[in-house]
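What TrEMBL lists as domain 'Major facilitator superfamily (MFS) profile' is 1-485. The transmembrane segment annotation in TrEMBL covers 64-83, 89-109, 121-143, 149-171, 220-244, 264-283, 304-323, 329-350, 362-385.
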Amino acid sequence: MSDAFKYSNLGTITIVPAVPRVMEEFHVTNKLYSTLLVSIWELGEAVGPFLVGPLSEFYGRMPVYHAGNILFILCLTGGALITNMSMLIAFRFLCGFVVCSVTLGPSIVGDLFRKEDRGTAMSVAIAFPLLGPFAGPIVGSYITEAKGWRWSIWIVVIAVGAVTCFGFLTFRETYKLKLVQRKTERLRKITGNENLRSKYASPNKHAEIKDPLLRPIKMLFLSPIVFIISFFTALVYGISYVILTTLTPILEDNYGLSQGPVGLDFLGRASGNVIAMLLYGMFSDRYIKYKKSQEGYLKPENRLPLMLLGAIVLPLGLFLYGWSAEKHVHWIVPIIGTAIVGFSFILSILPTENYLVDVHELHAASAVAVCCVLRALFAAILPVIGPPLYDRLGLGVNDLWRKNKEDLQIPLGPSQEGANTNGVAAKVFPATCPKDLVVHDLQKYCLRQVDIDGHHFYDNELLTSKCSVYLSIYFWDLFVHLCCR
């Protein structure tokens, strides 16, 4: 699973260093195509998870995983054999649409590991493959120089094909509902008792098909916490893709680096990723176990402290990257900025996906699908609007920094005063926003959460509502604090 996830991310970005040669071969001069070749893949990923997640909860992880990998190989092959730019864009959209490991990866980790052990497993299974977008330009740049741009796709076809063959031999079903269903069917045959039913089976066959398909949409529009946490992750993801698509021209135009060394400069991002991955792997599970020993039970929001650290250092990395590139400081300085962004990137993705898996468990694939959809939309849109903004405002945007630096002060922690099973009251920083006290009615959250099928712990529905409210309060306080300035 880790390798499949890695190569799907690798396939997204290996073509980036080859874009000038692709445009030259097909006589395309519109610079929008250079960004579109990357972002159209993400647009496909914005659609696919709405099917991949629900189908994996209906048919099981294994058949959806294998089918997605086979279709992925076919679409990659089509992209390597194209004869014009329109065909290449179409096949890259289809590649993003059918790739399934991005959506299924966190869910399969949730199937295999206990909550106390998921942090380390998630960092290996999810964060390590996220190095793909940063290894991709390195691989793509040297392969393009040696063999031509089509081989930057063929190498991914070969890698994914090998992983798929290995998966057919080793991968087994992990989804709890499907395993219980198979056991029930076996017991029916052995005992001859046709009245045996899985406790997860729905008496309504129509609802059994409809509910999984509608569940991600319900979570997106009816669950505030899923939307808010997915929106935050999507914003960080989109910003990281802006840097991915602009770093190559910046280093070539501003610093005069050739294609090979430019690819190696993506190692800055990769180093930030590795440091964050190791930090999360060492800290997350230990902190969860410590809090459990103190409080007596697990709270999903205990996954999130490192996310706050990532959110704090992200502006520093962006400022260092943009300012140093605009002022033509030594090329290592913007690379350090990209390393900080990579550090923040991992500390945004891992805690949020772990949190969603801990909360939703049996329906984790649907929750992660919502997160993937918003991430893909931001990754598709922000790289398109980023270059025009750079052209108009410059890389450093120093005037905006000088005018607005006093507005960058933000609260660093959620208010949890008065938390109980009847209501939660949150103070909204009266020193900077002299408004009336904001009261969050926990009972309303409980009713809204439980009405969404699968959107709660099965052993403690109220606990899930409480943990969701705490995070919602933090982001609501942050929103009010900024809007009232």
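Here the Cβ of each residue, glycine as well, is placed from N, Cα and C on the backbone.
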Taken over the domain 'Major facilitator superfamily (MFS) profile' (1-485), the model's mean pLDDT: 74
Contact between the transmembrane segment (220-244) and the transmembrane segment (362-385) (at least 3 Cβ pairs under 8 Å, separation 6+): yes
Range from 149-171, 264-283, 329-350, 362-385 with the greatest count of C-beta pairs under 8 A to the transmembrane segment (89-109): 362-385
Cβ pairs under 8 Å between the transmembrane segment (264-283) and the transmembrane segment (149-171), at least three: no
